[in-house]
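One structure below.
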Amino acid sequence: MAFTQALVTVLALLAGTLPHRHSENSPPKKANGDKCVHHTQCSSDCCLIDLERSGAFCTPKSRIGMGCLPQTKGSLNIMCPCRSGLNCHSKDPTCPRRCQMI
């Protein structure tokens with residue numbers, strides 16, 4: 001009986017502390033062009049550093065033929081990963097990676 005009560009208490013604590021993916025309290029995703037500090041804030045999942053505009057802004061993922069990075073690491077990007085259905089690839093190690101259909 002004590003084990004069951006302890007288990008219920010632990011589950012209740014975990015349920016209250018774990019973030020919900022689609023909670024009513026979670027802020028809406030930002031549109032392209034909006035300022036951001038982390039890629040998860042953007043509806044495109046890409047927060048790109050823009051030195052000319054002195055900040056970071058949500059931007060669309062890279063299209064076919066555009067420069068890319070294979071994945072998002074950290075909170076900000078210097079290049080965005082590819083859109084769905086494209087792969088970030090380079091045929092030659094000395095050439096920059098580009099989004100391609102493979």
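Every residue, even glycine, has its Cβ placed from backbone N, Cα and C.
Among the features that Swiss-Prot reports, signal peptide is placed at 1-23, with the record citing similarity to another entry.
The disulfide bond annotation in Swiss-Prot covers Cys36-Cys47 (among others). Of all Cβ atoms in the shown protein chains, 26 besides its own fall within 10 Å of the Cβ of Cys47 (disulfide bond). The DSSP secondary structure for Cys47 (disulfide bond) is strand.
For Cys42 (disulfide bond), the same-chain residues lying six or more positions away in sequence with a CB closer than 8 A to its CB are Lys29, Lys30, Asn32, Asp34, Cys36, Cys58, Thr59. Per Swiss-Prot, the feature disulfide bond maps to Cys42-Cys58 (among others).
The number of other Cβ atoms within 10 Å of the Cβ belonging to Cys46 (disulfide bond), over all protein chains shown, comes to 23. Summarising the annotation, Swiss-Prot assigns disulfide bond to Cys46-Cys80 (among others) and lists sequence analysis as the type of evidence.
In the three-state DSSP assignment, the secondary structure recorded for Cys68 (disulfide bond) is coil. Cys68 (disulfide bond): 26 other CB atoms within 10 A of its CB, across all protein chains. Here Swiss-Prot flags Cys68-Cys88 (among others) as disulfide bond.
Listed in sequence order, Ser62, Arg63, Ile64, Gly65, Met66, Cys68, Cys82, Arg83, Leu86, Asn87, Cys88 are the same-chain residues at least 6 apart in sequence whose CB falls under 8 Å from the CB of Cys99 (disulfide bond). The disulfide bond annotation in Swiss-Prot covers Cys82-Cys99 (among others).
Comparing Cys47 (disulfide bond) with Cys80 (disulfide bond), their Cα atoms are 8 Å apart once rounded.
All chains included, 21 other C-beta atoms sit within 10 angstroms of the C-beta of Cys58 (disulfide bond).
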